[in-house]
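Per Swiss-Prot, the features are as follows:
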- Met1: N-acetylmethionine (MOD_RES)
- Ser86: phosphoserine (MOD_RES)
- 15-43: repeat 'LRR 1' (REPEAT)
- 44-71: repeat 'LRR 2' (REPEAT)
- 72-100: repeat 'LRR 3' (REPEAT)
- 101-128: repeat 'LRR 4' (REPEAT)
- 129-157: repeat 'LRR 5' (REPEAT)
- 186-214: repeat 'LRR 7' (REPEAT)
- 215-242: repeat 'LRR 8' (REPEAT)
- 243-271: repeat 'LRR 9' (REPEAT)
- 272-299: repeat 'LRR 10' (REPEAT)
- 329-356: repeat 'LRR 12' (REPEAT)
- 386-413: repeat 'LRR 14' (REPEAT)
- 414-442: repeat 'LRR 15' (REPEAT)
Amino acid sequence: MSLDIQCEQLSDARWTELLPLIQQYQVVRLDDCGLTEVRCKDIRSAIQANPALTELSLRTNELGDAGVGLVLQGLQNPTCKIQKLSLQNCSLTEAGCGVLPDVLRSLSTLRELHLNDNPLGDEGLKLLCEGLRDPQCRLEKLQLEYCNLTATSCEPLASVLRVKPDFKELVLSNNDFHEAGIHTLCQGLKDSACQLESLKLENCGITSANCKDLCDVVASKASLQELDLGSNKLGNTGIAALCSGLLLPSCRLRTLWLWDCDVTAEGCKDLCRVLRAKQSLKELSLAGNELKDEGAQLLCESLLEPGCQLESLWVKTCSLTAASCPHFCSVLTKNRSLFELQMSSNPLGDSGVVELCKALGYPDTVLRVLWLGDCDVTDSGCSSLATVLLANRSLRELDLSNNCMGDNGVLQLLESLKQPSCILQQLVLYDIYWTDEVEDQLRALEEERPSLRIIS
């Protein structure tokens, strides 16, 4: 049973009504409910009385150090069997972290902990790691995004990785580690005891100088399946170093996020070698890089190689034009593995969309999800898309948000969506403006086709 309440300011009467439920439900989520330290004594008592509780989320509540301490006291009850705890954005500081070692020692059932958006600082992180290293702690997933951590925190984190083979997922994005910190962290990641499967390091001050260490990590860790390095200035030099590790047989990476990493068409050459050789790689994001049409052509040529088994490609905001669309057409008609293509925020225009529609009308295309938001599509492009929706047998989701279409374009899409031959399940139309008459038709269509979601 689940109690899931979000974005509701709880009155005293409503709180009194909820307390018995908190004592009974297996999953309790009270996110952004205006909770403060005052409510935490009640929460402590309620969870002490609830041996069935396995998940507790109190995200985005101003609990403060004292309030979080009260909640953690409740969880230390011997009957507590909690497995997942989210205290994201709860105003927990270094001063409140002193209780964490004892809590982590006593909560041997806890597998997942979210502490994002709390200013723990390096001293708070040090206390957290003291508990994580304890043999009684069995935590597998930890999120520490936006926690005011610096390079000083990387040695305690590395020490945890060296002694905790059960540790599987680590989110450290948006902390100021910079080159020195990442170098230290990689020493822990390379340790034979570390069996991490997912690592997220978005916007951590990583540079090309760190990519040799990261290369060694991906080369030595067959367990690592997901690596997120987005919003770090790796550049083409860093990408080249990273790819030398990705190419090794020991690398089993499935998901690689390199958005906004200063990659150009030159860097695509190294990535293309990886795409051609690594059938294990399934998801690649290069969003926010200046690949341009030249880089897109190189990627598409690799996607046509039999060794490439990529399922999801993100090239959003990559300065692609209509000139890249014939290359993507070849991919869509011949590639049998690519299910998702994110091309939003590229000036493809109607001519580019018309070109893509040629491939989408092909009987053997397998694409399921297509993002074309903010691509300068007008009513004319909608006409081609509307025709394709009647013939395509694979596309399930289409995003056309923030384009230049009007009533006529939307009506053409709706006319196709009404037909039994159209199998689309979700159409996203954020920031598209139409008249009340069109709005009425949209809502009527949703009633006629309950399986269809139109998001606007």
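Note that Cβ sites are derived from N, Cα and C of the backbone, with glycine treated the same way.
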Within the predicted model, mean pLDDT of the repeat 'LRR 12' (329-356):
98
When DSSP states are folded down to helix, strand and coil, where does the residue listed as 'phosphoserine' land?
strand
Please work out the number of neighbouring Cβ atoms within 10 Å of the Cβ of Ser86 (phosphoserine), leaving out its own Cβ.
20
Could you break down the residues of the repeat 'LRR 14' (386-413) into DSSP helix, strand and coil, giving a count for each?
13 helix, 3 strand, 12 coil
Structural state of Met1 (N-acetylmethionine), classified by DSSP into three states:
coil
Would you kindly list the residues that approach the repeat 'LRR 2' (44-71) from elsewhere in its chain, counting only those six or more residues past its ends and only Cβ-Cβ distances under 8 Å?
19, 22-37, 77, 79-93, 95-96, 99, 114
Sequence-remote contacts (6 or more beyond its ends) of the repeat 'LRR 8' (215-242), Cβ cut-off under 8 Å?
173, 186, 189-190, 194-209, 248, 250-264, 266-267, 270-271, 285, 288
State the count of C-beta atoms found within 10 angstroms of the C-beta of Met1 (N-acetylmethionine), not counting that atom itself.
9
Taking residues 6+ outside the repeat 'LRR 1' (15-43), which of them lie with a CB under 8 Å of any CB in it?
1-9, 49-50, 52-64, 66-68, 70-71, 74
Whole-number Å value for how far Ser86 (phosphoserine) lies from Met1 (N-acetylmethionine) (Cα to Cα):
18
